[in-house]
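Student: This is the structure I have questions about; it appears just below.
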Amino acid sequence: MYTPIPQSGSPFPASVQDPGLHIWRVEKLKPVPIARENHGIFFSGDSYLVLHNGPEEASHLHLWIGQQSSRDEQGACAVLAVHLNTLLGERPVQHREVQGNESDLFMSYFPQGLKYREGGVESAFHKTTSGTTPAAIRKLYQVKGKKNIRATERALSWDSFNTGDCFILDLGQNIFAWCGGKSNILERNKARDLALAIRDSERQGKAQVEIITDGEEPAEMIQVLGPKPALKEGNPEEDITADQTNAQAAALYKVSDATGQMNLTKVADSSPFASELLIPDDCFVLDNGLCGKIYIWKGRKANEKERQAALQVADGFISRMRYSPNTQVEILPQGRESPIFKQFFKDWK
């Protein structure tokens, strides 16, 4: 149990509303700001809060958990995250980042990469030896299926491609929807729609989207992926298998504290889900843990206790399902749903 933050006074300055990147290291339930010249340096024994305020109130709040950080420190970080999220009107999408398994969005804040250093504030020493990870700001999605079509992130390589599916290569300012010669029309439409959704919701409509057919790859694709080899043949029967796998890889749970404890009730055990299942009065867990990620959706009319317990619910769910501790968590306020989240639902409105 962690001591709540006093109602009077805030440990965060008014500048948390300012655009740009804000980083704090957690020290004894207090956020200590990190100087700009030290952005990108993370100590394995510590936990951090990373806030990015983008245009049009598009804020993202990340909890970064060092591999050697203590449970107490992680809990304190969660308490501060709840306070900061409330201070910002619960606008931010929240993410839990585990050292070595950070999301592409998190990595994009640090174009020079991350530097991991040993030690932490609790251990009273900070070694200067560091290891740098490259900035992973490029993504590749495979779009596959006939009925339950799903985009799944793949390794950034021609080895991930085949002639029977569509792929989205997201390079930030340019988004390529590449369609194999044997891909079906539904996959092609899905790839186009998802590329446009990424442009509109994640790039504020400022990225360029290009539809590419097999054999007409632009120079930028070749520069990123290397010379194009002969690609694997696609198999239409795999689309049927993918439909079954995609449907079974996700489940939807309702969160309730009616009994005084947080309880989960499964409301759908396969996707695509009906969007009407997401009731504004409640919070929900979308379980895609078999693919390494779970989502918490917070209805705008859900009670304060349920909304503030989202991180706690996520941690408990990961433990209960025996998922990897590296499982990524994304907490979405109603109205801030990402294109990847929306693809689990039919007829999203």
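In case you wondered, yes, glycine gets a Cβ from its N, Cα and C as well.
Feature table excerpt (Swiss-Prot):
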type: MOD_RES; residues: Met1; note: N-acetylmethionine
type: REPEAT; residues: 28-107; note: repeat 'Gelsolin-like 1'
type: MOTIF; residues: 138-147; note: motif 'Nuclear localization signal'
type: REPEAT; residues: 147-222; note: repeat 'Gelsolin-like 2'
type: REPEAT; residues: 264-342; note: repeat 'Gelsolin-like 3'
type: MOD_RES; residues: Ser338; note: phosphoserine
Student: Tally every other Cβ atom lying within 10 Å of the Cβ atom of the residue listed as 'phosphoserine'.
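Tutor: The residue listed as 'phosphoserine' is surrounded by 16 other Cβ atoms within 10 Å.
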Student: Using DSSP with the three-state reduction, classify Ser338 (phosphoserine) as helix, strand or coil.
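Tutor: The three-state answer is coil.
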